[in-house]
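Copied over from TrEMBL, here are the features:
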DOMAIN    249-289  domain 'UBA'
TRANSMEM  53-76  transmembrane segment
TRANSMEM  88-110  transmembrane segment
TRANSMEM  116-134  transmembrane segment
TRANSMEM  154-184  transmembrane segment
Amino acid sequence: MHAGPTGFRNAPVTRTLVITSAVLSVTSAVSGRPRRLGLSYQDTFENHDLLKAIPSVFAFSSTPELVAGFYLLYYFRVFERQMGSNKYSVFVLFCIIVSTFFEILASALLKADSNILASGPYGLIFATFIPFFVDIPVTSRFRVLGINFTDKSIIYFVGFQLLLCGWKWSFIPGICGVLAGFLYRVNAFGIRRLKFPKKVASVVSRLFMSSSTSSTRNSTANIRRNARVPYAGRRFQNYPSVGHISMPEPPESSITTLVSMGFDSNAARQALMRARNDLNVATNILLEAQTRSV
């Protein structure tokens, strides 16, 4: 399993989330009030402090949560590359709103005045485990001390560690996130068809996506050049040429596999056509194009 190119290439929304979470987490730690960030029954229903939900959504309250949470946010950038930043923004907003609503509902049912739910983007992180479980394929299996593992096991392990950081007070936000991810998966309220308006998306793209867009264009341009110019070197000189032969449309499963590795869907489609739908050859073409664009 591979999360694709390193860094935040083609993942400006993830980059913004990580930076926002880092700034708020550090600020709360410096102020000496990290443990007071989470939602509680008293703050929500007695003091009517609904604005507290904003920092509670992004700021972690402890170092172990910060490390595990940032690792998962960074890895899950693969879904922004798969969905596109516009649809991923809708996914993020939907999961944050729905999971926060469930957290408020849970605090009302528990009525635990003195206890505070764990703060941080638990809802978003654990909502993303739904597409991770369903859409990311297992690419390798291995055994350690007689126990079967896959290349996805480390992500589940880190998620389990994060889930137990605050015992039931982190377990509740995690479950709320899973529920939000499930609602998105089943297309509740038709959410999966929604996108931000073009004007809003264009403003956001100017702020966050300029470098990612140029990288994507460069990668796609390299794929097109590679389709016309033979590769130098023995490793790539035997790639089949499409020429004018009519090729069948690449299978969606192969495109999904390449996208899950972090490649652009259009570039993946072109690489598969160039490789005559050979997944391994297409992967090499994409990696070579990525190397040339750096």
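Positions of Cβ are set from backbone N, Cα and C atoms, glycine also.
TrEMBL entries are annotated by machine, without manual review.
Each residue of the domain 'UBA' (249-289) gets a DSSP state, and the totals for helix, strand and coil are 30 helix, 0 strand, 11 coil. Outside the transmembrane segment (53-76), and at least 6 residues removed from its termini, the chain residues within Cβ reach (under 8 Å) are 3, 14, 17-18, 20-22, 24-25, 27-28, 34-35, 37-39, 44, 96, 100, 104, 117-125, 128, 132, 155, 158-159, 161-162, 165-166, 170.
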